[in-house]
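Participant: Let me give you the structure first, and then I'll get to my questions.
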Amino acid sequence: MYCLLKLAPLFLAVAVCNGWLFGDFVGKQKEQDEISLWPLPQKFQSSAVAFKLSPASFQIVHAKQSSAGPSCGLLENAFRRYFEYIFGDLKKSEKSRKKVYDSDLVELQVWVTSADPECDGFPSLQTDESYELSIDEPSAVLKAANVWGALRGLETFSQLVYEDYYGVNKINKTDISDFPRFAHRGILLDSSRHFLPLKVILANLEAMAMNKFNVFHWHIVDDQSFPYMSRTFPELSQKGAYHPFTHVYTPSDVKMVIEFARMRGIRVIPEFDTPGHTESWGNGIKDLLTPCYSGSSPSGTFGPVNPILNSSYDFMTQFFKEISTVFPDAYIHLGGDEVDFRCWESNPDIQKFMAQQGFGTDYSKLESFYIQRLLDIVAATKKGYMVWQEVFDNGVKLKADTQIHVWKGRPQYQDEMGQVTAAGFRALLSTPWYLNRISYGQDWVNIYKADPQNFTGTDAQKKLVIGGEACLWGEYVDATNLTPRLWPRASAVAERLWSDKSVTDVGNAYNRLVQHRCRMVKRGIPAEPLFVGHCRQEYKGL
Amino acid sequence: MAHTGTHSQPVRSCLLLVVVSVCVQQVHGVWPLPQQLHQSADRGCLSPQRFSFTYGRDSAAQTGCSVLDAAFKRYFSIIFPDFTKGSENRLQYVWSEPQPFVVSVSVKTGGCDGYPDEDSDESYNLSVSEGQAVLRSVTVWGALRGLESFSQLVYQDDYGSYFINKTEIVDFPRFAFRGLLLDTSRHYLPLHAILKTLDAMAYSKFNVFHWHIVDDPSFPYQSRTFPDLSNKGAFHPFTHIYTQSDVMRVIEHARMRGIRVVPEFDSPGHTQSWGKGQPGLLTPCYKGGVPSGSFGPVDPTIDTTYKFMESLLKEVKFVFPDSYVHLGGDEVSFACWQSNPNVRKFMEKMGFGKDFTKLESFYMESIMNMTAALNRTSIVWQDVFDYHERIPQDTVLEIWKGEKYQAELSRMTQAGHRVLLSAPWYINHISYGQDWRNSYAVQPQNFSGTEEQKKLVIGGEVAMWGEYVDATNLTPRLWPRACAAAERLWSNEEKTLNADLAFPRLEEFRCELLRRGIQAEPLFVGHCKHEYDGL
């Protein structure tokens, strides 16, 4: 790994901007060493001309032409957040106005161009996140169609500011035109194997915004616990959570997560995984799960959701009606993975039902039967759905806009991506990004190298790949170790999903990522080190 | 927490439960497992208001004993975590006076102002009965271990009342040297991260902090004799250093917890950062007959090197009170020495031929002798033994190479050396899943050799090398994984070989660590009543 370090500077000059209008500047400017943009913008041009930013005079403001104004709470909030990221949390006394010099950059004008800036809306899969950023004196201009693109541009702007040797904040003359390569760039957190306190979730939403992630996939419940407090079925968390008061997400907690995410342009997609992974549901809802048999009598244990009872579907109808109103996003993740058939097999009523339906002994048909009815229930709530790949593999009839989430290592995920897209479905990749799996050393490199479009297929198929998700499953993770385990390893996924496909130089990425992780640390995120070295400001928490 | 109207509840429920306690067996585990532990189902109630530590009448230490006074203060808050956070008026509505509980501590010898050392007797006896506990030990260090065990015996029921079962413990460590290595060179560890680690070490009864303080990447130790070492060799000369007062604070914090601080100044390799502040110390490497501008290990051929090392070791002796010093001696690359014509000339003069291990041996022998002359015991990494025949007999050898450490244990003990085992406990190496089980399965005396040889294994060390670790992830990576080795080094091996039996006790202990503010990561799915509150 030492050799990687030594080679990295060589790569830096070559790869930073993929040859777009850069030519002459390479080598001329020492300041380019300061480039720490992450993820790398699509088009980027910078010059050695640097402007100073004074905390006393610099402002982030709405451009005159902008459709957003002071009433846009989302942007006002973001302006303050990014001002603090750039200058630190200044005391008011220090903000007294000083003389403005010619070489100062006095403001960043944020210009939202669409008639509807979407200040009070929610981001969606269709959201245009592109932005243009032009930094020149006396004003920098950030242009975006809506607030979501403006948020991405603000993050980029904050990353362009650096401190020179005298501690002066500077920014170089720069032009950026940027947009994401994939529309769905997600992080999965699992709050069932271990309960994650609200502040851990919020801190990670902060970190996601720093990395331009835009989907929080909330694997909120599973076998081990049911921390989601349902209004319709309060007994689910009363009996299914690790603790009914301390280890639950109340409706206002959920609202807070959704709003906190919205302010950062992040969608919240909840996952309510069925028919497997539901042990904890059974504690609160009698008869929801299949009683397993040992010989000819019930063993006292329970298996997946019982797919042969109408009461199961009645429950799901009411439950998902609630979910569809609580979570504003157009999509719900319905799970559908890893259904263990042994319990179904043991149950005589299920066997009878199988015979009636003519399923023979093929329990995947029973699973499909369940899923199909569930999909109809969810479709009636006007939500789209995401499912894990098994649902597709088992041949369940799916709506055309269903998103198939690829997670398995076997068969090869490239083949699965090919098949899913060949069938015309939209695909999401997670297989190479199970970040809960750890190993010694710089494993971010392999994370970085994986590409969701790296499979055999037509261009049309490639277009069906809407993105991917980094997953941090919770078996070995809780509040104590989640954040350093996720960051900066998830940052590798962030760049793969945002930046141009050609941005693959590991040496160059290493240099930028080292700085990016120090930036996250400076902003209070305990992102772990990539390798030997130091940050000017080390992590102060603990 | 709602306080109004429920003030008296803890006490009342406590009294009620005493009655039924006989049928509710809630025996609480201790980590690491004491040598002898007998618990009964009888339990007594502890009221923070009526709880006290006292010195026994026959105790050599009495009030004014710095180590134990501080420990009483510390353990009171550990035993009653709600007390300091709780409401002020909790006691006002109590309808009956709670029973007092007194922990009487008696030590045979004083030594409250001394430092723990290799010969410290850490044994203790603890007897918990109704309304009192009697803790007896030879030294204050043994009393500290006993207080730790006592604190782990106290538990709370669902109403928040504190209980302790009748218990008899006879305990002593299996190995005298139970160490943990932190590396402050690959990444700088802020002082509070080190102090926090010392706290957690005491909870697991570790007793040696092996401070791998400097190495190739940086030299954060601010030397009083050679200030340029950190001025030029640290990541930053002001923010990324340990000042003399920082070091003193670490030593005192450790002393209060019965932990020795053994510094490592690794040479002749692993010294890149030294060269920046000490020109002429490192060997200039040559390329094609001319110096290449890069440097190798310490230059063992010139007198100035030994003068420098002697001054440095004198300072180390002055600053670090422990009688051990770790001199490193691992992973010396010979390529640079080979390239240097002066070194080659020296080899010829000394009759070393082309065997550079002889040159390394020559160097190590010199500084080991220097150390001995300063009345200090050297610890060196196994490389020094592997290469050389002549090693001062009282030198302690530390095994770090992963393969065949059992054979190495045999060879070293056969040669009559005392040995430390670290190879199977490099817990900076992480993998998915419950890797603590591997650490737990290690049997340090399971090698072929006589009883005498086995006795030469004085202990072991958990190593957390710093390549991928800094303040952001150190604590959850260390804990509770290091606890596995802690139990192996303290407890009776035959009673603690089954990891499945240890699992629930370790799970409980990790929740206890969380309760004490140590960011210990989970072993597997589940939850703690009091989850980690930080980020």
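Every residue number used here counts from 1 along the chain in the order it is shown.
A Cβ is built for glycine as well, from the same backbone N, Cα and C atoms used for every other residue.
All TrEMBL annotations are machine predictions without curation.
Among the features that TrEMBL reports, active site, proton donor is placed at B:GLU331. Residues annotated as disulfide bond in TrEMBL: B:CYS65-B:CYS112, B:CYS285-B:CYS336, B:CYS511-B:CYS528. What TrEMBL records for B:30-153 is domain 'Beta-hexosaminidase eukaryotic type N-terminal'. Annotation comment: TrEMBL describes B:175-492 as domain 'Glycoside hydrolase family 20 catalytic'. Per TrEMBL, signal peptide is recorded for B:1-29.
Could you give the neighbours, burial and distances for every feature on this list?
Facilitator: In three-state terms derived from DSSP, B:GLU331 (active site, proton donor) belongs to neither a helical nor a strand segment and is classed as coil.
Packing around B:CYS112 (disulfide bond) is summarised by its Cβ count: 18 other Cβ atoms lie within 10 angstroms of its Cβ, all protein chains included.
Listed in sequence order, B:PRO291, B:SER292, B:SER294, B:PHE295, B:GLY296, B:ALA335, B:CYS336, B:SER339, B:ASN340 are the same-chain residues six or more apart from B:CYS285 (disulfide bond) with CB atoms under 8 A from its CB.
In three-state terms derived from DSSP, B:CYS528 (disulfide bond) belongs to neither a helical nor a strand segment and is classed as coil. With a cut-off of 8 Å between CB atoms and residues at least 6 apart in sequence, the same chain places B:ARG510, B:CYS511, B:LEU514, B:ARG515 near B:CYS528 (disulfide bond), listed in sequence order.
For the domain 'Beta-hexosaminidase eukaryotic type N-terminal' (B:30-153), the DSSP-based tally of helix, strand and coil residues reads 36 helix, 35 strand, 53 coil.
Per-residue confidence over the domain 'Glycoside hydrolase family 20 catalytic' (B:175-492) averages out at a pLDDT of 97.
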Participant: Using C-alpha atoms only, work out the spacing between B:CYS65 (disulfide bond) and B:GLU331 (active site, proton donor) and round it to an integer in Å.
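Facilitator: Counting only the Cα atoms, the answer is 44 Å.
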Participant: List the Cα distance (Å, whole number) between B:GLU331 (active site, proton donor) and B:CYS112 (disulfide bond).
Facilitator: 40
Participant: Where does B:CYS511 (disulfide bond) sit by DSSP, helix, strand or coil?
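Facilitator: In the DSSP reduction, B:CYS511 (disulfide bond) maps to helix.
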Participant: Where's the emptiest Cβ shell within 10 Å among the recorded positions B:CYS65, B:GLU331, B:CYS336, B:CYS511?
Facilitator: B:GLU331
